[in-house]
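Per TrEMBL, these features apply:
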- 51-267: domain 'YjeF N-terminal' (DOMAIN)
- 101, 102, 103, 104, 105, 170, 171, 172, 173, 174, 175, 176, 208: (6S)-NADPHX binding site (BINDING)
- 102, 166, 211: K(+) binding site (BINDING)
């Protein structure tokens, strides 16, 4: 019996604990915060009085405690950092904490960053003698997170850290920063002034308000901190309108409808299970500069399975364990008699030693191309594992029995959809699909079996070549290709290493 893969969806995705992830997977959380940027003019901004009132309501009649809000805020900051800065390239994180709630947010963020695979440090020169803050420090000490004194801080922060988290002052601060924070702020300012003298200047992340800025009017002198990332909390404050860095996130997914209505707040929707959402204009990027310097375990001939099907099963299991969204998604490439290739993403629905199976409409463009040229290529791409698998071979239809069995295992809505859709045909509008769907939904509302359309079924690709790709440093990727041969009448796979 052909094994069917379990359905996967973002709706049932739960973040994987860090201790279940592979060494290169601590930044998997970034997958759940990806989304389209929200336009700035569609978001509400708070003045200082409004921000204070909202906090008082949250911690008053709505029953939140300061430690609950601090935990949510710190987690939001850590997730936002992981969205942009991978620990493989930005591992050393110094969080400079002030004496108030903003500093507490920084302590919480440092703890989460440790669990995300970063190497956090904290500088907490004016400690608050309250159990909440003492407990946060104790938690970091239990993880052996170094707490650096002012004397321990290197003169040039860019030599020792990749990320600097500004958690000194929040929206309730007013006036001029006092020692030692005035000097710490100037050291962050100097990094941007002198940044061109360093090969890579540390990224500066400010929590809610860049320290030293006016909560409403921003950087009054024009000589304040210029963070690369601002993580606004609850709702952005008015000064955020003057933030010009490349990364602006909103965090703290805890604002109830009563507060939204009372203050007429316009806030963006958070994607999936995300704790933060990117807002503002997405950064302008030179596409030619986009690159990753992969860090992965070596893929060695003596360590892989001799059978490519077994090796694929192992890698597929890794993708499942890492919590990747739809690891059974694969690019299917086909070519018709005209020699023109087409590619599209389909879902693998089963595999064994006989081949790899997917289901579709036989009369669509891929079905027509496969009828003309029954050969195809599959490509699996597992981004967060730095892995690809290419598979090539001849294709044939699965048996009607297999197609029937799978068709009736699908949700009834999907069964009706397969009947409604004349795949790849030109239609006058979406209403045509919806109207016919409603008619069929009513027709089969009695629960009777929905007949599988004759034009719908499965294909099986029988592999004649596998290639397993593992991303490595300096583009020296590992590529192992399996080619079948025959020894004493039995199929034996030869493993070849290909140049990257």
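Any Cβ shown, glycine's included, is placed from N, Cα and C.
Most Cβ neighbours within 10 Å among the binding-site residues 105, 166, 208: this distinction goes to 105. Residue 211 (K(+) binding site) and residue 105 ((6S)-NADPHX binding site) are 14 Å apart (CA-CA, integer value). On its own chain, residue 211 (K(+) binding site) has 98, 102, 166, 168, 169, 173, 177, 181, 185, 225 as residues at least 6 apart in sequence with a Cβ closer than 8 Å to its own Cβ. Sequence-distant contacts of residue 103 ((6S)-NADPHX binding site), defined by Cβ-Cβ distance under 8 angstroms and a gap of at least six in the same chain, are 97, 124, 128, 133, 167, 168. Listed binding-site residues: 171, 173. The one with the lowest count of other Cβ atoms within 10 Å of its Cβ is 173. Long-range Cβ neighbours of residue 175 ((6S)-NADPHX binding site) (same chain, at least 6 residues apart, Cβ-Cβ under 8 Å): none. Other Cβ atoms within 10 Å of the Cβ of residue 102 (K(+) binding site), summed over all protein chains shown, number 25.
If you take the C-beta of residue 101 ((6S)-NADPHX binding site) and look for same-chain residues 6 or more apart in sequence within under 8 angstroms, you find 66, 70, 170, 172.
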